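S.K.: I have a structure I would like to understand better, so I am pasting it below and will then ask my questions one at a time.
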Amino acid sequence: MVLDPKEKMPDDGASGDHGDSASLGAINPAYSNSSLPHSTGDSEEPFTTYFDEKIPIPEEEYSCFSFRKLWAFTGPGFLMSIAYLDPGNIESDLQSGAVAGFKLLWVLLLATIVGLLLQRLAARLGVVTGLHLAEVCHRQYPKVPRIILWLMVELAIIGSDMQEVIGSAIAINLLSAGRVPLWGGVLITIADTFVFLFLDKYGLRKLEAFFGFLITIMALTFGYEYITVKPSQSQVLRGMFVPSCPGCRTPQVEQAVGIVGAVIMPHNMYLHSALVKSRQVNRANKQEVREANKYFFIESCIALFVSFIINVFVVSVFAEAFFEKTNKQVVEVCKNNSSPHADLFPSDNSTLAVDIYKGGVVLGCYFGPAALYIWAVGILAAGQSSTMTGTYSGQFVMEGFLNLKWSRFARVILTRSIAIIPTLLVAVFQDVEHLTGMNDFLNVLQSLQLPFALIPILTFTSLRPVMSEFSNGIGWRIAGGILVLIVCSINMYFVVVYVQELGHVALYVVAAVVSVAYLTFVFYLGWQCLIALGLSFLDCGRSYRLGLTAQPELYLLNTVDADSVVSR
């Protein structure tokens, strides 16, 4: 229903299990279907995913900080941080080190900080409203824009899933010394993902502990490579804290843009806003909401600090060992060490170009087989952890946008099939060069989808009717708007550079047509965002107002269990 600001609102006691129906207003009359479905009584079983249990928060009076409470809130941030460690990020890291040395570490640091600030907004939306970003989008946008937005986010998730499958398949191929072909690795990844996804049947904390275990494996394996290579610590610190890039040309600039595109993942905003709902927070109590926001932010800081250090390990290893190395130098070292992969590189004086597969091979040539196998274990952990969180993202997005009751098994079958089929075809009919080359295209795809997460999250967290006193202040609105504009511009530059490299007129025409449609939709979302940021004159004199509710006191949705997600 559409909320009339003049209507008398039901009080807390009368709102019932679906009291948020009144609080979910609309931008315009097209939003008349935005309320939650009415209760059908006890005959309908609750349907949940990830939220079968909620972690209780210990009560401690007169404490501004408690490690017990921090531990209770720990989990969602580390699951979110997996997206900063997926195979796409690892490939971006090693290419950054090989192309620019230590010079772009400050870009990685800046991108991680920007990502942290955006994740803060996503977590706050979930905590304050009790709804994750996809659910809010379902209730706010009209049907056609909502479906387009859902398709764009699904495309980003599928693209990310393909990167994760590629990374896992390459890792399995390296670990088996080539005995398991790439297509075999793809099939193995399908099977083990189903096994891992049902770990939460044994409890939410055990699932979060398993993700923590995978992050620990990445830290140990990539940390081992870091210790083995022994990069210059002064160079690492200089590259991290001195924002400059002397002697950088187009390849280095493109790599810097690629770092931003790889680090800030669109589906991660949807994921994090849903994960925070796994903690017991009484949204009727502003102090509890404020406390939850604080601890979730602290946890996110810790989690992204860990992911940043792991990324620094990878960049530094390839910066120290392989920056400005030529193919001929690598071939000689590989032959001297009797490596079976010496013929992987052309024997010329062109600069070494590396990817996840070649990176492991080169490490094996220079530092022994142990370095290769440990690298592969780290890549496998990155691929497995990120493919699991990607599946959760897909489930939350589908449930939120479509209000669709789908089992996780069916959801995984669908998205995995879409992601696996093209990856499997390339693995069967092409070689590892083409498989790893898909990562470049997929990074561009992720960059294109970024506005479809950043603009909605900034829009809804800036609305006082949605967030009440927890809405973004004027400083956050201005900074957030500038931030979104810069990030989207950087990523569009990345896309333009990629399209120019295609070198075919027909592809230019297709790209131009798609760009017009793409920019039109981004403009629509941006227009709605600017209205939310306070530029009300842009509403063209329409009578509706943007927001979930016309009465801010209902923002907490404190009488509704908004965790309406599907059963397995």
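Each Cβ is built from the backbone N, Cα and C atoms, and glycine gets one as well.
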S.K.: Swiss-Prot annotates one residue of Ser244, Ser385, Ser543, Ser564 as phosphoserine; which residue is it?
M.R.: Ser564
S.K.: Identify the transmembrane segment range according to Swiss-Prot, selecting from 70-90, 280-300.
M.R.: 70-90
S.K.: Would Swiss-Prot put Phe537 and Leu131 on one side of the membrane?
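M.R.: Topo match: yes.
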S.K.: For the topological domain 'Extracellular' (176-179), give me same-chain residues lying six or more residues beyond its boundaries with a C-beta closer than 8 angstroms to one of its C-beta atoms, as numbers and ranges.
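M.R.: Long-range Cβ neighbours of the topological domain 'Extracellular' (176-179): 340.
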S.K.: For Asn349 (N-linked glycosylation site), just count the other CB atoms lying within 10 A of its CB, please.
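M.R.: Summing over all protein chains shown, Asn349 (N-linked glycosylation site) has 9 other Cβ atoms within 10 Å.
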S.K.: Measuring Cα to Cα, how many Å separate Asn336 (N-linked glycosylation site) from Asn349 (N-linked glycosylation site)?
M.R.: 18
S.K.: What does DSSP call Asn336 (N-linked glycosylation site) in the simple three-state scheme?
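M.R.: Assignment for Asn336 (N-linked glycosylation site) reads helix.
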S.K.: Between 0 and 100, where does the mean pLDDT of the region 'Required for early endosome targeting' (555-559) sit?
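M.R.: Mean pLDDT, the region 'Required for early endosome targeting' (555-559): 39.
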S.K.: Grab the same-chain neighbours of the topological domain 'Extracellular' (91-95) for me: Cβ-Cβ under 8 Å, and only residues 6 or more beyond its ends, written as numbers and ranges.
M.R.: 108, 167, 255, 258-259, 261-263, 311, 314-315, 317-318, 354-356, 359, 436, 439, 443
S.K.: Taking residues 6+ outside the topological domain 'Extracellular' (230-255), which of them lie with a CB under 8 Å of any CB in it?
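M.R.: Residues 92, 95-96, 99-106, 108-110, 312, 316-317, 319-320, 494, 497.
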